[in-house]
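This report refers to the structure that appears directly beneath it.
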Amino acid sequence: MSETGWVPIALSRCIAPGTSAGTAVHGAEIVVWRDTGGKAHAWEDRCPHRGMKMSFGFVRGDHIACLYHGWEYDETGTCRYIPAHPDLEVPPSICVTRYAVAEAGGMIWTALPLGEMPEVGPNAPEMDGLRSLYIDAPLDAVLAGLHTLALQVTQTGSLITATLGETRPTLGLHSIDADHSALHITLPSDTPTAIRLSLLDQLATLRRDVEAPLKETAQ
Amino acid sequence: MTQLVLHNYDLDDACYRVRLVASCCDLSVELRNVDMFPGMEQVSPPYLTLNPLGRLPILETAEATLRQTGAILLYLAGLDPQKRLLPTDTSELAQMTDWLFFAEHDLSVATTARAISIMDVPGDGPATLAQTRALLRIMEDHMSAQDVKGLGFFAGAEITLADLALFPAFALSRDCNIDHDAFPALRLWARRVRATPGFIVMPGIPDYH
(Lines of atoms letter the chains of each structure in order from A and count residues from 1; the text may use other names and numbers.)
(Lines give C-alpha, C1' and ligand atoms only; values in the text may rest on other atoms or scores of the structure.)
Protein backbone atom coordinates (compact mmCIF):
# COMPACT_ATOMS: atom_id res chain seq x y z
CA MET A 1 0.00 0.00 0.00
CA SER A 2 1.48 3.31 -1.08
CA GLU A 3 -0.74 5.52 1.08
CA THR A 4 1.09 8.50 2.54
CA GLY A 5 0.24 11.20 5.04
CA TRP A 6 -1.62 11.19 8.35
CA VAL A 7 -3.99 8.33 9.24
CA PRO A 8 -6.19 8.06 12.36
CA ILE A 9 -5.47 5.04 14.58
CA ALA A 10 -7.69 5.59 17.65
CA LEU A 11 -10.12 7.99 19.29
CA SER A 12 -8.32 10.25 21.75
CA ARG A 13 -10.86 9.49 24.50
CA CYS A 14 -10.34 5.73 24.17
CA ILE A 15 -6.67 5.93 25.20
CA ALA A 16 -6.87 7.10 28.82
CA PRO A 17 -3.77 8.51 30.55
CA GLY A 18 -1.62 5.64 31.81
CA THR A 19 -2.98 3.04 29.32
CA SER A 20 -1.90 1.37 26.10
CA ALA A 21 -3.64 -0.43 23.24
CA GLY A 22 -2.58 -2.35 20.19
CA THR A 23 -3.63 -1.66 16.63
CA ALA A 24 -2.21 -1.97 13.10
CA VAL A 25 -2.07 0.09 9.93
CA HIS A 26 -1.91 -1.89 6.66
CA GLY A 27 -0.73 -4.85 8.74
CA ALA A 28 2.06 -3.04 10.62
CA GLU A 29 1.45 -3.48 14.36
CA ILE A 30 1.47 -0.33 16.48
CA VAL A 31 1.14 0.31 20.21
CA VAL A 32 -0.72 3.51 21.03
CA TRP A 33 -0.17 4.66 24.59
CA ARG A 34 -0.67 7.73 26.70
CA ASP A 35 1.67 8.61 29.55
CA THR A 36 0.26 9.74 32.89
CA GLY A 37 1.05 13.32 31.85
CA GLY A 38 -1.46 12.93 28.98
CA LYS A 39 0.94 12.80 26.03
CA ALA A 40 0.14 10.22 23.32
CA HIS A 41 2.77 7.95 21.71
CA ALA A 42 2.69 5.60 18.69
CA TRP A 43 5.46 3.01 18.47
CA GLU A 44 6.20 -0.26 16.78
CA ASP A 45 4.34 -2.87 18.88
CA ARG A 46 7.36 -4.99 19.71
CA CYS A 47 9.74 -5.16 22.65
CA PRO A 48 13.35 -5.43 21.32
CA HIS A 49 14.09 -8.00 24.05
CA ARG A 50 11.85 -10.95 23.13
CA GLY A 51 9.47 -9.49 20.55
CA MET A 52 6.52 -9.37 22.98
CA LYS A 53 3.78 -6.91 22.07
CA MET A 54 4.30 -3.69 24.02
CA SER A 55 0.51 -3.20 23.93
CA PHE A 56 0.21 -6.12 26.40
CA GLY A 57 2.40 -4.13 28.80
CA PHE A 58 1.64 -1.33 31.20
CA VAL A 59 2.34 2.36 31.57
CA ARG A 60 4.30 3.67 34.54
CA GLY A 61 4.44 7.48 34.59
CA ASP A 62 6.17 8.51 31.36
CA HIS A 63 7.53 4.99 30.73
CA ILE A 64 5.92 1.93 29.14
CA ALA A 65 6.94 -1.50 30.44
CA CYS A 66 6.84 -4.87 28.68
CA LEU A 67 4.57 -7.52 30.24
CA TYR A 68 7.21 -10.28 29.84
CA HIS A 69 10.24 -9.04 31.79
CA GLY A 70 9.30 -5.49 32.73
CA TRP A 71 11.85 -3.70 30.51
CA GLU A 72 10.89 -0.02 30.72
CA TYR A 73 11.19 2.48 27.88
CA ASP A 74 11.09 6.28 28.18
CA GLU A 75 9.22 8.64 25.86
CA THR A 76 12.11 8.64 23.36
CA GLY A 77 11.72 4.83 23.02
CA THR A 78 15.01 4.21 24.84
CA CYS A 79 15.21 1.37 27.38
CA ARG A 80 15.88 2.84 30.85
CA TYR A 81 15.37 -0.02 33.28
CA ILE A 82 15.74 -3.81 33.27
CA PRO A 83 14.23 -5.26 36.50
CA ALA A 84 16.39 -8.43 36.40
CA HIS A 85 19.48 -6.18 36.51
CA PRO A 86 18.38 -3.22 38.64
CA ASP A 87 21.91 -1.79 38.98
CA LEU A 88 22.74 -2.01 35.27
CA GLU A 89 23.16 1.20 33.33
CA VAL A 90 21.16 0.16 30.27
CA PRO A 91 23.00 0.60 26.93
CA PRO A 92 21.26 3.43 25.00
CA SER A 93 21.16 1.29 21.85
CA ILE A 94 18.15 -0.72 23.18
CA CYS A 95 15.25 1.20 21.61
CA VAL A 96 11.70 0.73 20.38
CA THR A 97 10.99 2.32 16.97
CA ARG A 98 8.86 5.45 17.32
CA TYR A 99 6.37 6.73 14.76
CA ALA A 100 4.89 10.17 14.18
CA VAL A 101 1.95 10.95 16.46
CA ALA A 102 -0.56 13.79 16.59
CA GLU A 103 -3.99 14.50 18.07
CA ALA A 104 -6.63 16.39 16.12
CA GLY A 105 -10.41 16.23 15.70
CA GLY A 106 -10.83 13.85 18.67
CA MET A 107 -8.47 11.27 17.11
CA ILE A 108 -4.90 10.06 17.54
CA TRP A 109 -3.00 9.91 14.23
CA THR A 110 0.21 8.50 12.86
CA ALA A 111 1.91 9.21 9.54
CA LEU A 112 2.63 6.92 6.57
CA PRO A 113 5.05 5.62 5.56
CA LEU A 114 5.67 4.66 9.20
CA GLY A 115 8.71 6.45 10.59
CA GLU A 116 8.10 9.56 8.48
CA MET A 117 7.88 12.68 10.68
CA PRO A 118 5.81 15.32 8.79
CA GLU A 119 6.37 18.94 9.86
CA VAL A 120 2.69 19.85 9.53
CA GLY A 121 0.08 18.04 11.63
CA PRO A 122 -3.23 16.55 10.43
CA ASN A 123 -6.03 18.95 9.61
CA ALA A 124 -9.32 17.94 11.27
CA PRO A 125 -12.28 19.91 12.63
CA GLU A 126 -12.88 20.05 16.40
CA MET A 127 -15.12 17.05 17.25
CA ASP A 128 -16.24 14.71 20.05
CA GLY A 129 -15.23 11.04 19.79
CA LEU A 130 -18.30 8.75 19.69
CA ARG A 131 -16.85 5.28 19.23
CA SER A 132 -14.36 3.32 17.14
CA LEU A 133 -16.17 0.72 15.05
CA TYR A 134 -14.10 -2.31 14.02
CA ILE A 135 -15.29 -4.09 10.89
CA ASP A 136 -14.16 -7.46 9.50
CA ALA A 137 -13.93 -6.18 5.93
CA PRO A 138 -11.47 -4.32 3.68
CA LEU A 139 -11.70 -0.52 3.86
CA ASP A 140 -12.91 -0.40 0.21
CA ALA A 141 -15.96 -2.50 1.15
CA VAL A 142 -16.65 -0.27 4.17
CA LEU A 143 -16.49 2.84 1.96
CA ALA A 144 -18.86 1.25 -0.58
CA GLY A 145 -21.29 0.44 2.25
CA LEU A 146 -21.06 3.98 3.56
CA HIS A 147 -21.86 5.43 0.13
CA THR A 148 -24.97 3.20 0.01
CA LEU A 149 -26.16 4.16 3.49
CA ALA A 150 -25.23 7.84 3.76
CA LEU A 151 -25.97 11.02 1.84
CA GLN A 152 -23.59 13.79 0.81
CA VAL A 153 -20.43 11.80 1.41
CA THR A 154 -17.27 13.90 1.08
CA GLN A 155 -13.75 12.57 1.60
CA THR A 156 -10.57 14.51 2.35
CA GLY A 157 -7.55 12.28 2.90
CA SER A 158 -8.42 9.86 5.70
CA LEU A 159 -11.53 11.76 6.80
CA ILE A 160 -15.08 11.29 5.54
CA THR A 161 -18.00 13.52 6.37
CA ALA A 162 -21.41 12.02 5.66
CA THR A 163 -25.04 12.75 6.39
CA LEU A 164 -26.56 9.89 8.39
CA GLY A 165 -30.10 10.50 9.57
CA GLU A 166 -30.23 13.74 11.49
CA THR A 167 -26.51 14.19 11.93
CA ARG A 168 -23.31 14.71 9.99
CA PRO A 169 -20.46 12.78 11.63
CA THR A 170 -16.81 12.93 10.62
CA LEU A 171 -15.34 9.44 10.30
CA GLY A 172 -11.64 8.63 10.45
CA LEU A 173 -10.77 5.87 7.94
CA HIS A 174 -8.35 3.26 9.21
CA SER A 175 -7.20 0.24 7.21
CA ILE A 176 -5.95 -2.29 9.78
CA ASP A 177 -5.00 -4.95 7.24
CA ALA A 178 -6.35 -6.42 4.00
CA ASP A 179 -9.43 -7.85 5.77
CA HIS A 180 -10.03 -5.49 8.71
CA SER A 181 -10.91 -1.81 9.05
CA ALA A 182 -11.90 0.70 11.67
CA LEU A 183 -14.05 3.82 11.55
CA HIS A 184 -13.19 6.38 14.24
CA ILE A 185 -16.51 8.17 14.58
CA THR A 186 -16.73 11.78 15.76
CA LEU A 187 -19.56 14.30 16.09
CA PRO A 188 -20.02 17.99 16.80
CA SER A 189 -19.99 18.41 20.59
CA ASP A 190 -23.55 19.82 20.69
CA THR A 191 -25.10 16.61 19.21
CA PRO A 192 -27.96 15.43 21.50
CA THR A 193 -27.78 12.01 23.19
CA ALA A 194 -30.75 10.55 21.26
CA ILE A 195 -29.09 11.38 17.92
CA ARG A 196 -25.80 9.92 19.10
CA LEU A 197 -27.56 6.65 20.05
CA SER A 198 -29.39 6.51 16.74
CA LEU A 199 -26.07 6.99 14.90
CA LEU A 200 -24.60 4.06 16.87
CA ASP A 201 -27.47 1.86 15.62
CA GLN A 202 -27.04 2.98 11.99
CA LEU A 203 -23.32 2.26 12.06
CA ALA A 204 -23.88 -1.19 13.62
CA THR A 205 -26.24 -1.84 10.69
CA LEU A 206 -23.52 -0.68 8.28
CA ARG A 207 -21.10 -3.15 9.89
CA ARG A 208 -23.63 -6.00 9.56
CA ASP A 209 -24.36 -5.16 5.91
CA VAL A 210 -20.69 -4.89 4.97
CA GLU A 211 -19.69 -8.12 6.75
CA ALA A 212 -22.65 -10.28 5.65
CA PRO A 213 -21.58 -11.00 2.02
CA LEU A 214 -18.02 -11.74 3.20
CA LYS A 215 -19.31 -14.27 5.77
CA GLU A 216 -21.41 -15.98 3.08
CA THR A 217 -18.34 -16.28 0.84
CA ALA A 218 -16.37 -17.79 3.71
CA GLN A 219 -18.94 -20.56 4.25
CA MET B 1 -21.51 -15.72 60.11
CA THR B 2 -21.59 -19.35 59.03
CA GLN B 3 -18.51 -20.61 57.26
CA LEU B 4 -18.73 -20.78 53.46
CA VAL B 5 -16.69 -23.43 51.66
CA LEU B 6 -15.78 -22.92 48.00
CA HIS B 7 -14.55 -25.93 46.07
CA ASN B 8 -12.15 -24.09 43.85
CA TYR B 9 -9.67 -24.39 41.00
CA ASP B 10 -7.50 -21.30 40.62
CA LEU B 11 -7.30 -21.38 36.79
CA ASP B 12 -11.05 -21.85 36.28
CA ASP B 13 -12.75 -18.58 35.35
CA ALA B 14 -16.09 -19.49 37.00
CA CYS B 15 -14.29 -20.14 40.31
CA TYR B 16 -12.54 -16.77 39.84
CA ARG B 17 -15.93 -15.06 39.42
CA VAL B 18 -16.90 -16.43 42.85
CA ARG B 19 -13.62 -15.40 44.53
CA LEU B 20 -13.85 -11.95 42.90
CA VAL B 21 -17.42 -11.30 44.08
CA ALA B 22 -16.65 -12.60 47.59
CA SER B 23 -13.63 -10.30 47.77
CA CYS B 24 -15.53 -7.23 46.52
CA CYS B 25 -18.28 -7.97 49.09
CA ASP B 26 -15.65 -8.34 51.82
CA LEU B 27 -16.80 -11.91 52.62
CA SER B 28 -14.43 -14.61 53.79
CA VAL B 29 -14.73 -17.94 52.01
CA GLU B 30 -12.76 -21.08 52.86
CA LEU B 31 -11.13 -22.51 49.74
CA ARG B 32 -10.85 -26.26 49.09
CA ASN B 33 -8.58 -26.58 46.08
CA VAL B 34 -9.61 -29.22 43.55
CA ASP B 35 -7.22 -30.70 40.97
CA MET B 36 -9.41 -30.00 37.95
CA PHE B 37 -6.62 -30.10 35.35
CA PRO B 38 -5.05 -32.53 34.72
CA GLY B 39 -6.48 -34.54 37.68
CA MET B 40 -10.21 -34.26 36.75
CA GLU B 41 -10.95 -34.47 40.48
CA GLN B 42 -14.33 -32.77 39.97
CA VAL B 43 -15.64 -36.00 38.41
CA SER B 44 -14.17 -38.29 41.09
CA PRO B 45 -16.78 -40.24 43.17
CA PRO B 46 -16.68 -37.91 46.23
CA TYR B 47 -17.13 -34.86 44.01
CA LEU B 48 -19.92 -36.44 41.95
CA THR B 49 -21.73 -37.01 45.25
CA LEU B 50 -21.37 -33.30 46.01
CA ASN B 51 -22.21 -32.18 42.46
CA PRO B 52 -23.54 -34.80 40.01
CA LEU B 53 -22.98 -32.25 37.21
CA GLY B 54 -19.26 -32.89 37.64
CA ARG B 55 -18.06 -29.30 37.56
CA LEU B 56 -16.87 -26.39 39.66
CA PRO B 57 -17.45 -24.09 41.44
CA ILE B 58 -19.43 -25.61 44.30
CA LEU B 59 -20.32 -23.46 47.31
CA GLU B 60 -21.30 -25.21 50.55
CA THR B 61 -23.26 -23.11 52.99
CA ALA B 62 -24.72 -24.12 56.37
CA GLU B 63 -28.05 -24.91 54.66
CA ALA B 64 -27.35 -25.89 51.06
CA THR B 65 -24.93 -26.89 48.33
CA LEU B 66 -24.93 -24.39 45.44
CA ARG B 67 -23.55 -25.41 42.07
CA GLN B 68 -24.73 -22.80 39.57
CA THR B 69 -22.19 -19.97 39.38
CA GLY B 70 -24.91 -17.35 38.91
CA ALA B 71 -26.78 -18.56 41.99
CA ILE B 72 -23.57 -18.52 44.03
CA LEU B 73 -22.83 -14.94 42.91
CA LEU B 74 -26.36 -13.77 43.80
CA TYR B 75 -26.15 -15.47 47.19
CA LEU B 76 -22.80 -13.82 48.02
CA ALA B 77 -24.01 -10.39 46.87
CA GLY B 78 -27.08 -10.85 49.10
CA LEU B 79 -24.92 -11.79 52.11
CA ASP B 80 -23.04 -8.49 51.82
CA PRO B 81 -24.54 -6.27 54.58
CA GLN B 82 -24.14 -3.25 52.28
CA LYS B 83 -25.52 -5.15 49.25
CA ARG B 84 -23.14 -2.97 47.21
CA LEU B 85 -23.41 -5.07 44.02
CA LEU B 86 -27.23 -5.22 43.92
CA PRO B 87 -29.11 -2.19 42.55
CA THR B 88 -32.16 -1.06 44.54
CA ASP B 89 -33.86 0.31 41.42
CA THR B 90 -36.10 -2.39 39.86
CA SER B 91 -35.14 -1.55 36.28
CA GLU B 92 -31.42 -1.54 37.06
CA LEU B 93 -31.85 -4.83 38.89
CA ALA B 94 -33.54 -6.27 35.79
CA GLN B 95 -30.70 -5.05 33.56
CA MET B 96 -28.19 -6.54 35.98
CA THR B 97 -30.03 -9.87 35.82
CA ASP B 98 -30.20 -9.72 32.02
CA TRP B 99 -26.41 -9.36 31.80
CA LEU B 100 -25.85 -11.90 34.59
CA PHE B 101 -27.77 -14.48 32.53
CA PHE B 102 -25.78 -13.43 29.45
CA ALA B 103 -22.56 -14.00 31.42
CA GLU B 104 -23.60 -17.38 32.82
CA HIS B 105 -25.47 -18.74 29.80
CA ASP B 106 -24.38 -17.18 26.47
CA LEU B 107 -20.84 -16.36 27.50
CA SER B 108 -20.15 -19.91 28.75
CA VAL B 109 -18.79 -20.50 25.22
CA ALA B 110 -15.86 -18.22 26.19
CA THR B 111 -15.04 -20.63 29.04
CA THR B 112 -15.21 -23.51 26.54
CA ALA B 113 -12.99 -21.67 24.02
CA ARG B 114 -10.40 -21.01 26.71
CA ALA B 115 -10.54 -24.61 28.00
CA ILE B 116 -9.96 -25.91 24.44
CA SER B 117 -7.08 -23.46 24.05
CA ILE B 118 -5.18 -24.01 27.32
CA MET B 119 -6.51 -27.19 28.99
CA ASP B 120 -6.60 -29.64 26.09
CA VAL B 121 -10.38 -30.05 26.35
CA PRO B 122 -11.80 -31.49 23.09
CA GLY B 123 -14.08 -29.25 21.01
CA ASP B 124 -14.40 -27.02 17.94
CA GLY B 125 -11.77 -24.37 18.64
CA PRO B 126 -12.36 -22.01 15.67
CA ALA B 127 -16.18 -22.08 16.07
CA THR B 128 -16.10 -21.34 19.81
CA LEU B 129 -13.55 -18.57 19.21
CA ALA B 130 -15.77 -16.93 16.56
CA GLN B 131 -18.77 -17.14 18.92
CA THR B 132 -16.75 -15.67 21.79
CA ARG B 133 -15.64 -12.77 19.61
CA ALA B 134 -19.24 -12.13 18.50
CA LEU B 135 -20.36 -12.03 22.17
CA LEU B 136 -17.56 -9.65 23.16
CA ARG B 137 -18.70 -7.44 20.29
CA ILE B 138 -22.24 -7.37 21.74
CA MET B 139 -20.68 -6.25 25.03
CA GLU B 140 -18.58 -3.61 23.22
CA ASP B 141 -21.66 -2.23 21.43
CA HIS B 142 -23.55 -2.05 24.73
CA MET B 143 -20.75 -0.24 26.55
CA SER B 144 -20.38 2.19 23.61
CA ALA B 145 -24.07 3.10 24.12
CA GLN B 146 -23.65 3.27 27.92
CA ASP B 147 -20.74 5.72 27.34
CA VAL B 148 -23.05 7.96 25.30
CA LYS B 149 -25.56 7.89 28.18
CA GLY B 150 -22.80 8.73 30.68
CA LEU B 151 -23.11 5.31 32.37
CA GLY B 152 -19.85 3.57 33.23
CA PHE B 153 -21.12 0.04 33.86
CA PHE B 154 -23.36 -2.60 32.23
CA ALA B 155 -26.52 -1.94 34.28
CA GLY B 156 -26.04 1.74 35.11
CA ALA B 157 -23.76 4.31 36.68
CA GLU B 158 -22.48 2.02 39.44
CA ILE B 159 -20.81 -1.37 39.36
CA THR B 160 -23.13 -4.37 39.88
CA LEU B 161 -22.83 -8.14 40.01
CA ALA B 162 -23.20 -8.17 36.20
CA ASP B 163 -19.88 -6.36 35.67
CA LEU B 164 -17.97 -8.80 37.88
CA ALA B 165 -19.66 -11.78 36.19
CA LEU B 166 -18.71 -10.44 32.72
CA PHE B 167 -15.19 -9.22 33.50
CA PRO B 168 -13.28 -12.57 33.44
CA ALA B 169 -14.33 -13.56 29.90
CA PHE B 170 -12.97 -10.26 28.56
CA ALA B 171 -9.87 -10.13 30.74
CA LEU B 172 -8.93 -13.75 29.88
CA SER B 173 -9.72 -13.59 26.15
CA ARG B 174 -6.02 -13.34 25.28
CA ASP B 175 -5.64 -16.92 26.59
CA CYS B 176 -7.39 -17.94 23.36
CA ASN B 177 -5.75 -15.26 21.20
CA ILE B 178 -8.58 -12.73 21.13
CA ASP B 179 -6.72 -9.51 21.84
CA HIS B 180 -8.31 -6.31 23.12
CA ASP B 181 -7.46 -4.06 20.14
CA ALA B 182 -11.01 -3.96 18.74
CA PHE B 183 -12.75 -3.41 22.10
CA PRO B 184 -11.94 0.14 23.26
CA ALA B 185 -15.15 0.62 25.27
CA LEU B 186 -14.52 -2.67 27.10
CA ARG B 187 -10.91 -1.63 27.81
CA LEU B 188 -12.14 1.56 29.50
CA TRP B 189 -14.82 -0.42 31.39
CA ALA B 190 -12.30 -3.08 32.53
CA ARG B 191 -10.15 -0.30 33.95
CA ARG B 192 -13.12 0.92 36.03
CA VAL B 193 -13.84 -2.65 37.21
CA ARG B 194 -10.20 -3.00 38.27
CA ALA B 195 -10.56 0.10 40.46
CA THR B 196 -13.35 -1.52 42.55
CA PRO B 197 -12.40 -1.92 46.24
CA GLY B 198 -11.62 -5.59 46.87
CA PHE B 199 -10.75 -6.32 43.21
CA ILE B 200 -8.46 -9.35 42.84
CA VAL B 201 -6.82 -11.03 39.84
CA MET B 202 -6.22 -14.65 38.79
CA PRO B 203 -3.41 -16.22 36.73
CA GLY B 204 -3.77 -14.86 33.18
CA ILE B 205 -5.01 -11.47 34.34
CA PRO B 206 -2.02 -9.22 34.97
CA ASP B 207 -2.02 -7.22 38.19
CA TYR B 208 -0.46 -3.95 37.12
CA HIS B 209 -2.42 -1.28 38.93
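Quick reminder: no glycine exception, Cβ is built from N, Cα and C everywhere.
Per TrEMBL, these features apply:
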DOMAIN    B:2-84  domain 'GST N-terminal'
DOMAIN    B:89-209  domain 'GST C-terminal'
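Note: the domain 'GST C-terminal' (B:89-209) comprises 78 helix, 0 strand, 43 coil (DSSP; helix = H, G, I, strand = E, B). For the domain 'GST N-terminal' (B:2-84), the DSSP counts in helix, strand and coil order read 32 helix, 13 strand, 38 coil. Across the residues of the domain 'GST N-terminal' (B:2-84), the predicted structure has a mean pLDDT of 96.
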